[in-house]
């Protein structure tokens with residue numbers, strides 16, 4: 001019914017495009033005004049727009065038509081490319097903070113330049129995010145002549161830029177290209193520096209995310225993490241792996257009626273749909289016996305049970321050459337969406353160590369999170385977020401709910417001529433691959449190039465062996481040959497070429513066809529399996545039929561494919577049985593294709609809920625992160641009044657001390673617990689005071705007197721240094737105490753999140769419990785930070801120095817030591833849960849902070865001392 005109304009009245013998208021077409025016509029009408037101008041005159045016209053916007057006399061919307069018309073004319077002159085009307089529409093969609101869905105080959109790079117040029121007029125910086133360094137550099141260099149013609153500076157932040165000064169220069173440009181990882185990690189590093197001058201980013205104004213579905217959907221479950229060594233060790237992985245292999249896999253037998261309970265067999269049940277493994281009652285008993293413990297789920301055995309959970313996942317859910325490969329004595333993750341090897345990335349929560357134990361490679365140490373953020377929360381920091389991709393409509397709901405982004409499908413400049421055929425479904429994988437090979441042979445002999453998409457390295461190598469046996473020449477592109485990707489994809493359109501590729505096939509790389517190939521039917525796409533996401537299938541199809549080229553696509557499936565086996569084969573199997581399909585035969589119908597798409601929708605919905613669930617938890621941490629980072633940024637500002645902050649903390653310290661001593665307003669003086677105060681002063685602040693010296697008649701007098709005593713003692717201690725040096729010492733100490741406490745808090749939050757799901761068994765909502773407990777932990781964290789700064793400031797020992805130059809040098813050395821430490825932590829960082837192998841400091845080694853004390857007596861004991869020895 002909805003389709004009928006859409007055909008009569010037009011879809012919402014059609015109406016949106018119609019409005020944009022009118023605006024595009026208005027831009028085109030301005031074209032003649034600028035075509036006759038000289039280059040200098042055209043540049044001056046654009047500079048006038050910039051001045052109007054920056055003075056606040058005009059908004060970006062006010063100057064959109066002129067900006068687009070000038071940029072279009074400049075593009076024609078400088079790049080020899082004139083944006084089509086549909087590209088103008090795409091540019092307007094991006095400017096409005098929406099997602100422009102544009103088919104492959106429709107010139108997204110040029111579309112982006114229109115919105116970038118307009119928004120760069122404000123002078124607040126525009127970021128353009130791509131999926132890899134190659135595309136960031138390529139796009140920046142291709143468009144640099146255009147942007148420079150318009151008076152903008154252009155930068156690119158890529159992995160090779162190690163020097164902070166170079167990175168700062170790139171961010172200072174009007175327009176900065178880079179990858180999502182580089183932008184995200186620079187943000188985290190900026191919030192770990194000790195001087196505001198060391199920050200490289202200058203704010204988050206406007207961002208365009210290219211391949212937005214890949215970054216904001218596929219990578220949404222991948223947090224960016226900077227990590228360092230941890231004191232929390234878990235040495236149970238080998239034992240857990242050994243036990244996991246001894247257990248017997250069982251199955252869940254569904255009850256025949258509602259009155260009956262499900263029956264389980266064996267020691268554990270594998271749930272492929274949710275990628276989970278659950279122990280049965282029989283399994284619990286077996287594991288407790290093998291581990292030699294009475295209760296696997298008691299608090300003292302938490303590490304054991306966690307290790308076993310990960311060992312079961314590693315052995316029965318994660319597959320070699322599908323989810324990961326073993327290379328150079330390491331487990332390397334295979335990106336499930338691109339098929340690429342993710343060098344340096346590690347699974348979190350001990351799963352990577354469990355895989356290392358499974359494959360018999362070196363088990364690397366676990367590490368502790370120092371700073372983290374998800375892409376979801378990083379990109380939501382921008383004042384305006386927009387995106388481009390060839391495939392977004394299937395995820396439109398998620399873009400709207402999570403990022404508040406609308407998706408607008410931009411019409412192609414030339415209608416798509418590719419023919420997308422119905423799926424062919426076979427009973428077995430063997431029959432399917434036989435049919436695929438026969439089709440490949442037919443196309444190859446005809447001379448028509450064919451690109452064959454596979455779901456994993458394992459499947460691509462299986463198909464490769466069959467083609468070798470049949471003597472059909474071909475090229476394989478999977479994560480193991482990713483170095484040759486550019487050339488393999490470029491050659492995929494040659495006459496008679498047969499290219500087998502995992503999902504990595506060429507985002508951002510064009511397969512250009514000659515007239516001879518187009519006459520043969522263009523590029524043929526064969527999918528050997530449906531991906532869990534329709535979007536990935538659409539990307540494969542989109543490799544053919546670019547810019548109005550002819551082409552064809554078809555998927556070959558079997559009932560043994562994971563998607564059909566786990567999510568949707570019963571109905572399809574029933575159809576095949578009713579039709580009496582024999583071995584080697586297939587069915588092809590729109591009804592079956594719809595059934596497959598429904599199975600995909602189920603999986604997409606499940607993944608959406610998973611990402612939404614992750615965001616709900618991360619939002620809790622994100623609110624806390626904002627508070628900590630905001631205060632940290634204040635501390636870095638030269639004009640921040642750190643002395644007043646210390647005064648506040650000192651007052652709070654006294655108030656908390658009186659509360660702990662059970663001394664309240666209105667209480668009789670005889671009941672005041674003076675001994676408690678005297679003992680705490682000695683324990684916390686390392687100075688002695690007599691009871692007689694602090695006796696007062698009321699709570700208010702006592703509070704005021706104690707605050708005054710602490711101020712006098714502190715001022716006397718700090719009198720040996722200048723006011724400037726005093727502020728610098730207070731600031732650096734505060735930063736390190738804040739960072740140290742935040743790191744421990746992140747570890748505690750990770751631990752809380754790991755076990756919070758068990759609250760569900762007690763009829764409690766785990767998310768509500770997590771919010772409640774993490775809030776209490778955060779309040780405690782803030783209190784501890786304030787307390788700790790007072791303790792450290794009172795216990796540091798400052799030497800009286802006549803030579804102020806030496807004092808300056810000592811302080812500079814302290815800063816240098818801390819910054820080196822931070823840089824060391826961020827070496828070789830990558831996506832996902834980054835687990836560095838930083839050397840752990842032995843307890844008896846000199847402390848790296850420069851105090852001259854042993855580590856166990858300094859930072860290893862009660863937090864960092866910033867090169868200032870603790871003393872009474």
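Any Cβ shown, glycine's included, is placed from N, Cα and C.
Worth saying up front: this structure is predicted, and the values here are computed from it rather than measured.
Per Swiss-Prot, the candidate among 423, 469, 491, 510 that belongs to the ATP site alongside 87, 105, 106, 107, 108, 109 is 510.
Within the group of binding-site residues (87, 109), the Cβ with the highest number of other Cβ atoms inside 10 Å belongs to 87. Taking a C-beta cut-off of under 8 angstroms and a sequence separation of 6 or more, residue 106 (ATP binding site) has the following same-chain neighbours: 86, 87, 90, 410, 412, 413, 547.
By neighbour count, meaning other C-beta atoms within 10 Å, the densest spot among the binding-site residues 105, 107 is 105. The candidate set comprises the binding-site residues 108, 510. Of these, 108 has the most other Cβ atoms within 10 Å.
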